[in-house]
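Per TrEMBL, the features are as follows:
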- A:96, A:99, A:136, A:139: Zn(2+) binding site (BINDING)
DNA sequence: GTGAGTGCAAATGGTTTGCATGTTC
DNA sequence: GAACATGCAAACCATTTGCACTCAC
């Protein structure tokens, strides 16, 4: 899987005229391997030990490219910073009000709800983002 | 309606120990009268002609209080700034990718969808926010 | 009159940009 | 070797904070 994805990113970057650099692959790999929807800062800190010279600016610039290539989606659950998800399938997210973690919400079908909206609104709809808020099991256990 | 709402805000502010100032009432009135989900900056500019001395800081501080009183809800459709809505009912929003306007989406029932999520997730859910993205009729007409 | 609110200006923090140096192809 | 990428530092911009002056009560 790692190898396959590596090839994909490499190919996609080259196709669009971007160069393939270790930093870009590393940043994508962090996102692809994580279920925590890391922010730029989180990616930066995770790569710090392996790429001590990497800068936050490079993380942001790379994220911009990955977004452009359609390899990641951007989340904003109402925090001060954006989070990123290499799973570009359209799934809802759930955010813990206590600890701030963001989890995926798979296996819940929203097509019926989306259909109703598409029929109702005068907008031409191109996408959607659903955020749920609450308390995660870990935080609930502490209370 | 304006008077009624004015009384409500006044009462609520006093009850919670906040003072009633012209600025606070003006800021709430802008939000209550608008369907555009204005940002702090937009509120500020709208009040500029009437309250030339008002500062952005006051807008932000007042928003904080209105939030605390449950009089407004905060939106974040993925832009760089937050937007605010005096309609605190739980309704989805739709955001135009072209012009950035944010509209309400009333009359679409989401309870079934929410129920499914509540049953599926280990989180204790306390709220949700649904954002749709697309092109508004005005922008579509221009294309 | 007192304590809270306003408004200015400065600080903060996430993100972006400019540019000299380093790397990919 | 040319063009593009990196990484530093400075810039940016939304939001927050500190504080002297003002106002609601």
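Backbone N, Cα and C atoms are what each Cβ position is placed from, and that goes for glycine too.
Those TrEMBL annotations? Automatic predictions, nothing curated.
Structure coloured by features recorded in TrEMBL.
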residue: A:96; record: Zn(2+) binding site; Cβ neighbours (10 Å): 20
residue: A:99; record: Zn(2+) binding site; Cβ neighbours (10 Å): 11
residue: A:136; record: Zn(2+) binding site; Cβ neighbours (10 Å): 21
residue: A:139; record: Zn(2+) binding site; Cβ neighbours (10 Å): 17
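In sequence order, the binding-site residues near chain B (CB to CB under 8 A) are A:96, A:136, out of A:96, A:99, A:136, A:139. The DSSP secondary structure for residue A:96 (Zn(2+) binding site) is strand.
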